[in-house]
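Database features (Swiss-Prot):
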DISULFID  3-20  disulfide bond
DISULFID  13-41  disulfide bond
DISULFID  26-30  disulfide bond
DISULFID  45-56  disulfide bond
DISULFID  57-62  disulfide bond
């Protein structure tokens, strides 16, 4: 299986790695930079922890970098 391991960076998974994943979560700078993203290969879908979103799939290049609209942008000026 070929999985993305970074932005526009696909790599062939090692033997046994037949699941691609994209994991996103907020850290202390989420409001400035957006969610953190980790991508890669695994033998099974990683365990979901509180506050972490994980998407798993098992076909080539099925885990592209998430398209985000920055919710951290604040409107300028007064309404």
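Using N, Cα and C of the backbone, Cβ positions are placed for all residues, glycine too.
Structure with Swiss-Prot features highlighted.
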{"residue": "3", "record": "disulfide bond", "CB count, 10 Å": "26"}
{"residue": "13", "record": "disulfide bond", "CB count, 10 Å": "18"}
{"residue": "20", "record": "disulfide bond", "CB count, 10 Å": "27"}
{"residue": "26", "record": "disulfide bond", "CB count, 10 Å": "15"}
{"residue": "30", "record": "disulfide bond", "CB count, 10 Å": "13"}
{"residue": "41", "record": "disulfide bond", "CB count, 10 Å": "20"}
{"residue": "45", "record": "disulfide bond", "CB count, 10 Å": "15"}
{"residue": "56", "record": "disulfide bond", "CB count, 10 Å": "16"}
{"residue": "57", "record": "disulfide bond", "CB count, 10 Å": "15"}
{"residue": "62", "record": "disulfide bond", "CB count, 10 Å": "17"}
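In sequence order, the disulfide-bonded residues near residue 20 (disulfide bond) (Cα within 10 Å of its Cα) are 57, drawn from 26, 30, 57.
Comparing residue 3 (disulfide bond) with residue 57 (disulfide bond), their Cα atoms are 9 Å apart once rounded.
Cα-Cα distances to residue 62 (disulfide bond) place 56 within 10 Å, out of the disulfide-bonded residues 13, 26, 30, 41, 56. Residue 45 (disulfide bond) falls outside any helix or strand according to DSSP and counts as coil.
Among the disulfide-bonded residues listed here, namely 13, 30, 57, 57 has its C-alpha nearest to that of residue 45 (disulfide bond).
The DSSP secondary structure for residue 13 (disulfide bond) is coil. DSSP gives residue 30 (disulfide bond) a helix state.
Here the C-alpha separation of residue 26 (disulfide bond) and residue 56 (disulfide bond) works out to 19 Å. Between the alpha carbons (Cα) of residue 57 (disulfide bond) and residue 30 (disulfide bond) lies a span of roughly 26 Å. The DSSP secondary structure for residue 3 (disulfide bond) is strand.
Under DSSP, residue 62 (disulfide bond) is assigned to coil, being neither helix nor strand in the three-state scheme.
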